[in-house]
Amino acid sequence: MLPVAASRCLWGPRLGLRGAALRLARQQMPSVCAARQLRSSSHRRSEALAGAPLDNAPKEYPPKIQQLVQDIASLTLLEISDLNELLKKTLKIQDVGLMPMGGMVPGPVSAAAPASEAAEEEDVPKQKERTHFTVRLTEAKPVDKVKLIKEIKNYVQGINLVQAKKLVESLPQEIKANVAKAEAEKIKAALEAVGGTVVLE
């Protein structure tokens, strides 16, 4: 082996500068190896991928959503109706009519068609009188509430006193649908006699 001084002479001044530059670069570089950095960043990526749900794995829902679903599932039909109505009001959702069957899209109508339709609409009310009605309770006097609840229980099939009370507390409510005119007027008179305000639709 050659002594250190001799090896420096063999390398020459250029190689000595390169060596100094390499040493300086090593001092300025972070102490972490590039290969180690690659391994750790790929490890982080694999952790992120491992945490992501797979397509065939069941989705995990937050506890807040699970509790909300359980609460909605435990509601009665009257409460669901109220929830639906309140959500429509809160979110400003308008009722949408049914789509016509067969993919028919309403389009522009000629000027002659509205005139003939108007004539038909005038004839229909003259020829046909309504025979069936929906009895709807719109208001209840607080004083006569107990009598009204008992009377509603008589006219609504399959309802108990607790359900009748909830019905009276969440007005307006439909009492009976598709009822003959005579029976609808009888129900209206009975409910108004015990303090209810009834509308026939």
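Placed from the backbone N, Cα and C atoms, the Cβ positions cover glycine too.
When K165, K186 are compared with the annotations in Swiss-Prot, the one labelled N6-succinyllysine turns out to be K165. Looking up K92, K150, K181 in Swiss-Prot shows the N6-succinyllysine annotation sitting on K181.
Residues K88, K153 are shown; Swiss-Prot lists N6-succinyllysine for one of them, K153. Closest by Cα distance to K176 (N6-acetyllysine), from the recorded positions K141, K145, K153, is K153. Straight-line distance linking the Cα atoms of K166 (N6-acetyllysine) and K181 (N6-acetyllysine), rounded to a whole number, equals 27 Å. In sequence order, the modified residues near K153 (ubiquitin cross-link) (Cα within 10 Å of its Cα) are K165, drawn from K141, K145, K165, K181, K188.
When the C-alpha distances from K181 (N6-acetyllysine) to the modified residues K141, K145, K147, K165, K188 are tabulated, the minimum falls on K188.
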